[in-house]
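Features as listed in TrEMBL:
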REGION    1-21  region 'Disordered'
DOMAIN    22-149  domain 'CMP/dCMP-type deaminase'
BINDING   Asn63, Val64, Glu65, Asn66, Ala67, Ser68, Tyr69  substrate binding site
BINDING   Cys74, Cys108, Cys111  Zn(2+) binding site
ACT_SITE  Glu76  active site, proton donor
Amino acid sequence: KNPPQETENILHGPPDPQKNEDWIKPLIYQSQGAKEFAYCPYSKFRVGAALLAHDGTVFTGCNVENASYNLGLCAERTTIAKAVSEGYRRFKTIAIASDLEDQFISPCGGCRQFMREFGDQWSVYLSKPDGSYVEMTVGELLPVSFGPEDLKKKTISVPILPHVVE
């Protein structure tokens, strides 16, 4: 299998809200293709993601597990890290795919926070293998969240206490 094209541009001008299907379905299809490359020998749970940057560039990624379980990477974080490593910081949407038949795939808490780093108003498409999907925003997936702007807010002054050694 050939890997999906990361830099394929699927937007031809600004998307028309009336024609969402024109670009959402191909994005979901790319997330399903990315799922095929998942490295998941332990969980056997394949996940793929396709991330749409504001300029129309698409990045894809899959989950990558590790024998030291907590070092594995989810598809969403892999995909966002690929985009960030190429200079992208603004995203329009991400589509997520798995093999779950009876429910839409949903990102884990860590991925929700990772997405939140880049804003809370961009779209997340949770899909099923048949191509059906539900659209949510990052803010809906992670309400009352903590983001980069919170680090810039005024805080109280905390005195530095001398180090006490007993």
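Every residue, even glycine, has its Cβ placed from backbone N, Cα and C.
For the residue listed as 'active site, proton donor', the nearest neighbour among the binding-site residues Asn66, Ala67, Ser68, Cys108, judged by Cα separation, is Cys108.
Glu65 (substrate binding site) sits 15 Å from Cys111 (Zn(2+) binding site), taking the CA atoms of both as reference points. Sorted by the number of other CB atoms within 10 A, the binding-site residues Asn63, Asn66, Ser68 start with Ser68, the lowest. Considering only the binding-site residues Cys74, Cys108, Cys111, the residues lying within 10 A of Asn63 (substrate binding site) on a C-alpha to C-alpha basis are Cys74. Per-class residue totals from DSSP over the domain 'CMP/dCMP-type deaminase' (22-149), listed helix then strand then coil: 42 helix, 34 strand, 52 coil. Remark: Tyr69 (substrate binding site) has Tyr42 as non-local neighbours, by Cβ distance under 8 Å and separation of at least 6 in sequence. Of all the binding-site residues listed here (Val64, Ala67, Ser68), Val64 has the Cα closest to the Cα of Cys74 (Zn(2+) binding site).
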